[in-house]
Structure formats: structure tokens, C-alpha cells
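**Student:** For reference, the structure I am asking about is given below.
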């Protein structure tokens, strides 16, 4: 099976999709007739299920690796002797790398073999993550560099995997599979804290926590190459009776900026990213400092540090994430029977309810650890209601030919204004509020800094409420979209296809 063979298991890497669209010969043999009986995607139903399972496993590893560092953050701070501002950079450099490279890999994924791109990216991510675990204590900047390079590998996967699922399923089935795919976000995040803390405890060295996901990453590469089959792009939802014209990138961006539901929901999701990014890095460290200040727990003077708070926070994240994603999808499904504005209203409800519980969790940290964990659980549950719904909103308010551009734009904006800067911002504010280097002010300054998350959540809820005002109209516009009279059409020219305006060929 050659990589250049259009009928092979994968699309040729250095080729356009048009190369794989061979014209059918008049005398079609039995093998060609069997191919016609295959699903439009070219992937059997059983193979499609296995493909989704593998992609979910890799997405799980993606978020596990992302939050393993947060699970052992007190050890890292003690080992390198860094302050809160530098600790926040660990997440910021990773997100910045991921954010800026996601559109690049999205562009490549639309044009070249997605299996090859993901396999190379995951292999690179595994090697770099393993290398970061050997960083000497005098070279903190090297740890920052390797965390940034990890973002390169993760960007190669996160932007491409959902498009494979979209090419395997349509309508309700696609929504179900995407919901399963996004379950890996809270579950993988929680497992990152759990695995990081337990491996640190068992090995007595935080470096070993960073060596778990690289080994599993190599397993993921093998599964990608031998289990996943590349589906034909867009074949499963081809609609000959309503062919959509592809416009320029600048035209797509102008149309997206004139789509209020897309713009407002993107800003709402940015608030979600800000809050989750802040809590993901700082919540375990905050809980540890609260225990040192209120319960007399020994501070982390020499590693390994007490990572029980990371373990508990990880368990809460897994359970609350599953409940939040599932309940958000179910509440939205039931509310759609009453109003077409259900999706943004559920997103707004989730953020507005999470805000007071997160506020209470931060305030009660010095009074009652049990109450703090209960409020964190409730706050994270309501916050997780947004994940699958926001993805669905984008899909039905944006026409198919602009969805990849919309996904890339939403990724860049939500990370740029959200979790790319929020961990660093929380750390810097904490350092600025710290009056002395006592255990009291280490806890108090971080506590005051984290209160920002509650107010950002309220702002995100307001954006989703505003989205509800436009969602019906924008959904209808996307459903009934048809190219304008002067949009480009394809005109043969010397055996090739050339796009020209309609007005230039009308007589």
C-alpha cells in the first residue's frame, strides 16, 4: 500500500484532495463495485468507532500531560526556587505556543494526510515531554522552552482530530461522538493531577510524573498508524443539490465578524478558558497553602512535597467534568423543545451559577477545607456545562465552508485573552499583593488574586445571554445560506479550473 495510492488506507501526504478523486473507468470491476457499497467516508462503521476511541484516548493524554505540571507545582517551585509569576509562565508559554501554531496545523490538516501530521506531532510531543523531566535546577528557562515545544505537538493533534470525527458522522450521531471526545477534557485534566501526585509520592521525585505520558504517547502513535483510517474529507455530508462556494480567507473573516452569535459566544468561551486556565494551575497550590496556613501542615522546604491536594482536586475535576458535560448536553436537549435559544442560555446559566460557588470556595479555604472542596465541585460542575454546547453553537451558526477558519479564530482568541495569560496574570497579581514572604501572605495574596475568576465568569455569562438574542437569526442564515450572485464560480480554462466572478461571464 503506497502513500501515493489514492485508494490506500491514508490520503497521500504531499497531495491535494483532488489527487485522490480518480475518475471512474467505464468498465468498473467487482472491486470497484464493492468500493461503491462502502460508506461515503470510506470507513466502515466498526472502524469508525475504533477511530473515535483512539482519538479520545489521545485527547485524554493531551490533557493529562497539560495538567501533570500543575499537580506537582509545589515541588517544581521548591526545586527551582521560583516565585508565583515564574510558575504561571509554565502554563502561559505552553498555551501561547499551542495557540499560535493551532491555525498552522489546521491549515495543513485541511490539505495533507492527517494521520501522518498527528503521528509526527504526538511523537515529537512525547520526546520533548520526556526531555523536560531531565532539566537541571539551574536551567529553569530550559523547562519553559520544553513546555513551549510541547505545545507544538499538542497543536498538531487538537486542531485536526475533531475534523476526522466530523468526516465520519453527521447530525445527531456526530454531536454524540463529539460529546464523547470532549469528555476527555475534564477526565484527562483530573487524571493529570491524580497521576502527577501519585507518581510523585511513589517515586519520591516529581521528575517521574513527567515520564508517564511520553510512554503512553508512543502507544498512541502506534494506534494511530494501525487502527485509525483516514476518512474522505467532506464526503459523508456531500449535498450535490446545494453546493457551497469556497470564499477567500479575508472574505471568511469578514463574514465571521458580522456573525454576532459566533463573536459573542467566542468571547463567552474566552471567559471559560480564563477561569479554567487559572484554576487548573493554581487551585492545587492554593489548597496546599491553605492547609499550611490553617491546619499547620509542614511547608514544602525540601521535596517531595505533600501532593494530597492535587489528588483530591484531580478526583473532583474528573467527576465534576463528567457530570457537567453530560448535564449540560441533557439540559440543552430538553430546553430546545421549549426555546431555540436553549444552547446559549444553558451556557450562561452554567457560568453565572459557577461564579458564586467559586467565590465561596476561595473565601472558605481558611475556615473549612470540606466546604472548600464542596464549593469547588459545584463550581467546576456548572463551569463544565459549556464544553460540548459551545462547539455545537459554532457548527450551526457558521456555514460549512467557513467552519475550519471559525474554529481556528475561536482557538486563537479564547487562548489569547483566556488561559494563555490568566495563569501568569494570577501569579503576578499574587506576587504584587504579597507584603511579606510569610506563609500567611503566600496564602492570602493568592486567595485575593484568584477571586478575579468569579468576576470573569459573570462577564462570560453576560456574553452568552447576549448570544441568545441573535442565535435564531444567525442559525437560520447559516442553514439557508446561498452564494451571492457575484461570488466566484468555476470556469474551465485550458483544462484547469479558474474561479471568476459571475458578473464577468454573464452576457
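Each residue, glycine too, has its Cβ placed from N, Cα and C.
Note that this is a predicted model, so its numbers are computed, not measured.
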**Student:** TrEMBL tags one of 17-36, 177-196 as transmembrane segment - which one?
**Tutor:** 177-196
**Student:** Pick from 89-109, 236-256: which range does TrEMBL record as transmembrane segment?
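**Tutor:** It is 89-109 that TrEMBL annotates as transmembrane segment.
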**Student:** If we skip the immediate neighbours and take only residues 6+ beyond the ends of the transmembrane segment (48-64), which ones have a Cβ under 8 Å from one of its Cβ atoms?
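**Tutor:** Distant Cβ neighbours of the transmembrane segment (48-64) are 39, 41, 118, 122, 154, 157-158, 161, 164-165, 168-169, 177, 180-181, 183-185, 187-189, 191-192, 195, 212-213, 216-217, 220, 223-224, 227-229, 231.
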**Student:** Go through the chain and flag residues at least 6 beyond the ends of the transmembrane segment (89-109) whose CB is under 8 A from any CB in it; none is fine as an answer.
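**Tutor:** Sequence-distant neighbours of the transmembrane segment (89-109): 66, 69-70, 73, 76, 117, 121, 143-145, 147-152, 154-156, 158-160, 163, 277, 280-281, 404, 407-408, 411-412, 415-416, 419-421, 423-424, 427.
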**Student:** To the transmembrane segment (449-471), which of 208-228, 262-291, 411-429 is linked by the most Cβ pairs under 8 Å?
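**Tutor:** Answer is 262-291, with the largest number of Cβ pairs below 8 Å.
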**Student:** Same chain, outside the transmembrane segment (177-196) by at least 6, Cβ under 8 Å from its Cβ: which residues?
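**Tutor:** Contacts with the transmembrane segment (177-196): 52, 55-56, 59-72, 161-162, 165-166, 168-169, 206, 209, 212, 280, 284, 307, 310-311, 313-322, 324-325, 329, 380, 384, 387-388, 391-392.
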**Student:** Sequence-remote contacts (6 or more beyond its ends) of the transmembrane segment (262-291), Cβ cut-off under 8 Å?
**Tutor:** 66-67, 69-71, 73-74, 77, 87-88, 90-91, 95, 189, 193, 256, 297, 300, 305-307, 309-310, 312-313, 344, 347-348, 351, 354, 358, 362, 365-366, 369, 372, 376, 380, 383, 386, 390, 393-394, 397-398, 406, 409-410, 413-415, 417-420, 422-423, 425-427, 439, 442-443, 446-447, 450, 452-453, 456-457, 459-461, 463-464, 466-467, 470, 474
